[in-house]
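Q: To start, I am sharing the structure in question, which I have written as structure tokens.
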Amino acid sequence: MGSRAAGSVLLRHLCPRVSSSTSAAAHAHAQRPPLAGAGGGGVALWARLLSTSAAAAKEETAASKENTGSTAAAKAEATKAAKEGPASATASPVASSYWGIEASKLASKDGVEWKWSCFRPWETYSPDTTIDLKKHHEPKVLLDKVAYWTVKALRVPTDIFFQRRYGCRAMMLETVAAVPGMVGGMLLHLRSLRRFEHSGGWIRALLEEAENERMHLMTFMEVAKPRWYERALVLAVQGVFFNAYFLGYLLSPKLAHRVVGYLEEEAIHSYTEYLKDIEAGKIENVPAPPIAIDYWRLPAGATLKDVVVVVRADEAHHRDVNHFASDVHFQGMDLKDIPAPLDYH
């Protein structure tokens, strides 16, 4: 009985509040304006939406026209600059790039602006042309004999193909001779990284050798203009020789360096024959290319004969370095144990 009395009292208090809430909701519904599609209020609201969309469309059209105009102006300026060509570029050179890298302005010893980007004034030198050209490593052990006769076998097809066209022969020789230094330097570099040890300067020495041989090629490209089939031959020979020397150096560095030593001996012989034909008048002694004059610090009136003399001296130095490197390995030592002959020209 007590719970029933309490329930009846609670109902008497709640009923008036529920009825008042319901009437308030009905009154609010009656006062709310109709939505779209429900009379004049909907039409007005739809008109406002249409006017807003139209304004936005006009703004987008104006912005699009403005962007199109600016793009057209930029294209016109670029076309004008392209038509003006080098003169415009010379008049307003780019001082620095986005990355802050500025083109260095160098000059030679006589104050003339340096025109070569492939080498710098401090990388030029005067080779020692008094070096002994007749040095020869006599093959005694098996590996030496393998290296010696491998090089001799490679000379046979070269003699047949080029005969006495020593300009093209030198070009082909330098495309091959520039490979060993790069391969050896690369493998020593990777070994230094793996073992956390220095190379004794041999990485730099071998890479300098590769760069020097490449400069020989750049020089003889100015002297002998290769034909299309000679360029194709260079592609084939370089591809085969690079992979063969790479595998050979992995298997036996002492054999690889000995092969290069004998290869340089053959290069000395080829350049000696080249000089004989120049002196005999069989090959015209043309003026030396400008790149050769600056690279080897030759006199202004230098000729092709002077170029061949300094290139032959370079090959003799490379012969000594590679035979020396092979001797180091034959004595059971690593190249890092013996200081490299840096700047040995």
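Note: Cβ is positioned from N, Cα and C throughout, glycine not excepted.
Feature list, courtesy of Swiss-Prot:
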type: TRANSIT; residues: 1-50; note: transit peptide
type: REGION; residues: 60-91; note: region 'Disordered'
type: TRANSMEM; residues: 170-190; note: transmembrane segment
type: BINDING; residues: Glu174, Glu213, His216, Glu315; note: Fe cation 1 binding site
type: BINDING; residues: Glu213, Glu264, Glu315, His318; note: Fe cation 2 binding site
type: TRANSMEM; residues: 232-252; note: transmembrane segment
Q: Within 10 Å of the Cβ of Glu174 (Fe cation 1 binding site), how many other Cβ atoms can you find? Include all protein chains, please.
A: 23
Q: Should anything in the same chain at least six residues away from the transmembrane segment (170-190) have a Cβ under 8 Å from its Cβ atoms, list it; otherwise answer none.
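A: Contacts with the transmembrane segment (170-190): 158, 162, 199, 202-211, 213-214, 216-217, 220-221, 223-224, 226, 230, 233-234, 237-238, 241-242, 245-246, 249-250, 253, 256-257, 259-260, 263-264, 267, 270-271, 274, 311, 315, 318, 322, 335.
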Q: Name, in the order they occur in the sequence, the residues of the same chain whose CB lies under 8 A from the CB of His318 (Fe cation 2 binding site) and which sit 6 or more residues away.
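A: Sequence-distant Cβ neighbours: Ala177, Glu209, Asn212, Glu213, Val260, Glu264.
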Q: Enter the number of other CB atoms within 10 angstroms of the CB of His216 (Fe cation 1 binding site).
A: 25
Q: Just counting, how many other CB atoms are there within 10 A of the CB of Glu315 (Fe cation 1 binding site)?
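A: A 10 Å sphere around the Cβ of Glu315 (Fe cation 1 binding site) contains 25 other Cβ atoms.
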Q: Work out the three-state DSSP category of His216 (Fe cation 1 binding site).
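A: Assignment for His216 (Fe cation 1 binding site) reads helix.
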Q: Tell me, how many other CB atoms lie within 10 A of the CB of Glu264 (Fe cation 2 binding site), whichever protein chain they belong to?
A: 26
